[in-house]
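Q: Let me begin by handing over the structure; questions about it come next.
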Amino acid sequence: MCGILAVLGCADDSLAKRVRVLELSRRLKHRGPDWSGLYQHGDCYLTHQRLAIIDPASGDQPLYNEDKSVVVTVNGEIYNHEELRKKLRNHKFRTGSDCDVISHLYEEYGENFVGMLDGMFSFVLLDTRDNSFIAARDAIGITSLYIGWGLDGSVWISSELKGLNDDCEHFETFPPGHLYSSKQGGFKRWYNPTWFSEGIPSTPYDPLVLRRALENAVIKRLMTDVPFGVLLSGGLDSSLVASITARHLAGTRAAKQWGTQLHSFCVGLEGSPDLKAAREVADFLGTVHHEFHFTVQDGIDAIEDVIYHIETYDVTTIRASTPMFLMARKIKSLGVKMVISGEGADEIFGGYLYFHKAPNKEEFHRESCRKIKELHLYDCLRANKATSAWGLEVRVPFLDKEFINVAMAIDPEWKMVKREQGRIEKWVLRRAFDDEQQPYLPKSVLYRQKEQFSDGVGYSWIDGLKSHAAQHVTDKMMQNAEHIFPQNTPTSKEAYYYRTIFERFFPQNSARLTVPGGPSIACSTAKAVEWDAAWSKNLDPSGRAALGVHVSAYADEATNVNSILPSKMIDTIPRMEVSTSGLKILS
């Protein structure tokens with residue numbers, strides 16, 4: 001991931017202002033350690049900190065059209081850039097960068113080209129002919145982006161809060177799937193999929209259609225000119241991504257450059273559930289597996305750095321970001337610059353354990369829609385910033401636009417958890433890759449219960465964080481919490497501890513408003529807490545708070561795993577067969 005910062009219309013074109021913009025841009029250098037660029041046109045500044053993934057030799061930014069009248073600074077990857085170049089045959093490209101198409105698309109289609117981009121991206125485009133500009137963010141918010149306004153009338157755009165929080169009067173999260181236009185003077189949504197209205201879909205479940213959609217999403221993300229690997233926690237989502245990558249790597253340009261041996265990476269406390277499961281998957285797939293261990297104290301020591309980089313005080317996000325932050329550093333030290341990961345599947349398929357209590361398919365689907373819309377505040381923010389802290393890029397095929405369209409069109413009745421029928425969480429995804437002839441994964445992994453990342457790295461991790469926070473936050477401090485922090489008041493000592501660190505780095509009111517709040521159970525939205533009256537008494541974002549669902553729940557009434565995974569489950573599933581003509585389902 002790269003780092004971008006744009007300061008537009010600041011009524012100051014002095015050398016001192018340029019120096020200040022450069023100083024702020026350097027705060028984002030961890031995102032792009034390979035090269036720095038700055039373009040100034042009057043009182044407009046576009047800066048870029050580059051992480052070189054595609055065309056490392058000539059793709060430095062900002063990027064320009066032929067006569068340099070249109071200038072762009074971009075963070076992201078455009079997976080369909082080669083197809084888009086074919087539509088722009090009359091244009092001359094300066095580099096082989098995937099992002100080089102943006103300025104030329106603007107010349108051809110004006111502000112309406114953003115929906116043509118297939119990828120993850122945040123960009124600012126300046127048209128020097130009339131000093132107008134646009135800024136846009138990808139559909140789901142995989143790349144991080146913020147917008148701010150200065151007292152001098154300036155508009156600021158930055159990949160991270162730290163690029164603008166000290167110089168803007170007000171700033172906020174740039175909404176995903178939106179375009180900001182200086183000509184229009186505000187935002188407009190460019191991403192308008194059918195599922196966004198939260199209407200209940202009715203498309204019958206077709207496992208092969210779903211399988212092909214995910215395979216296509218993974219394959220397009222193998223576009224790279226640098227060494228890469230896969231994050232492998234041993235859970236269903238990352239394991240499927242790793243399996244598909246391993247199957248399709250041979251024959252790609254990446255394989256020709258770096259070989260067909262896939263590298264996989266996992267992190268956890270000694271003896272954690274994830275380490276064991278990941279090792280099993282790695283052995284099954286034949287990857288070169290890298291297992292990183294950390295201690296609870298290692299994680300606690302990193303908390304301040306994590307909060308500075310992740311820019312949140314949300315408890316779940318910090319719990320999960322810390323192991324990922326530590327792992328990203330190890331991965332980068334091995335010379336790897338890009339990894340593929342499994343974020344997004346739980347939101348799309350209702351994989352979090354609280355979905356077991358969804359009262360009907362309508363509520364199930366609406367909650368899934370709410371979760372996808374909020375991904376940029378949670379898992380996307382974590383994945384993007386925890387890796388970018390060390391100059392590592394993460395790609396997430398489950399959040400491919402086409403894949404989401406396919407998955408969210410399925411009648412949610414198929415996604416519902418029905419234990420009596422052997423259907424556990426994410427059954428439609430598991431079923432789609434349950435191939436007896438050419439197995440994608442071992443059955444023990446394909447039907448492994450959902451484990452949130454912050455739990456899977458080792459249950460003592462969260463317990464250790466709670467204990468550490470209790471040593472620093474007193475009961476008396478908690479009694480006064482609503483007066484000290486009236487916005488999103490911490491309801492636990494752990495939350496209070498994180499909040500004090502966040503406020504030290506980002507003291508502005510605008511900063512605290514960028515972080516979501518409200519009650520949650522096992523990562524649910526506030527609305528879903530209403531599904532079970534008992535949950536309101538046990539509000540904790542850990543999956544182990546899903547009493548009666550998680551096999552290692554906090555309470556003794558957790559259900560035995562055998563009641564969740566009936567032994568006859570596989571017998572009721574039609575078999576998939578591979579032939580020279582392709583895949584087919586056998587009844």
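Glycine residues also receive a Cβ, built from the backbone N, Cα and C atoms like all the rest.
Unlike curated entries, TrEMBL annotations are predicted automatically.
Pulled from TrEMBL, these are the listed features:
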type	residues	note
DOMAIN	2-185	domain 'Glutamine amidotransferase type-2'
ACT_SITE	Cys2	active site, for GATase activity
BINDING	Asp98	L-glutamine binding site
BINDING	Leu231, Val267, Ser341, Gly342	ATP binding site
SITE	Glu343	site 'Important for beta-aspartyl-AMP intermediate formation'
Q: About how far apart, in whole Å, are the alpha carbons (Cα) of Gly342 (ATP binding site) and the residue listed as 'active site, for GATase activity'?
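A: Between the alpha carbons of Gly342 (ATP binding site) and the residue listed as 'active site, for GATase activity' there are 21 Å.
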Q: Could you state the whole-number distance in Å separating the C-alpha atoms of Val267 (ATP binding site) and Glu343 (site 'Important for beta-aspartyl-AMP intermediate formation')?
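A: Approximately 16 Å lies between the Cα of Val267 (ATP binding site) and that of Glu343 (site 'Important for beta-aspartyl-AMP intermediate formation').
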Q: Rounded to the nearest angstrom, how far is the Cα of Cys2 (active site, for GATase activity) from the Cα of the residue listed as 'L-glutamine binding site'?
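A: A Cα-Cα distance of 13 Å.
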Q: Quick check for the class: what is the C-alpha distance, in angstrom and rounded, between Glu343 (site 'Important for beta-aspartyl-AMP intermediate formation') and the residue listed as 'active site, for GATase activity'?
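A: Cα-Cα, rounded: 20 Å.
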Q: Work out how many Å separate Ser341 (ATP binding site) and Cys2 (active site, for GATase activity) at their Cα atoms, rounded off.
A: 18
Q: How many Å separate the two farthest-apart Cα atoms among the ATP-binding residues Leu231, Val267, Ser341, Gly342?
A: 15
Q: Would you kindly give the Cα-Cα distance separating Leu231 (ATP binding site) and Cys2 (active site, for GATase activity), rounded to the nearest Å?
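A: Taking the Cα atoms only, Cys2 (active site, for GATase activity) lies 20 Å from Leu231 (ATP binding site).
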Q: Do you know the mean pLDDT across the domain 'Glutamine amidotransferase type-2' (2-185)?
A: 96
Q: For a quick check of understanding: among the binding-site residues Asp98, Val267, Ser341, which residue's Cβ has the most other Cβ atoms within 10 Å?
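A: Result of the Cβ crowding comparison: Val267.
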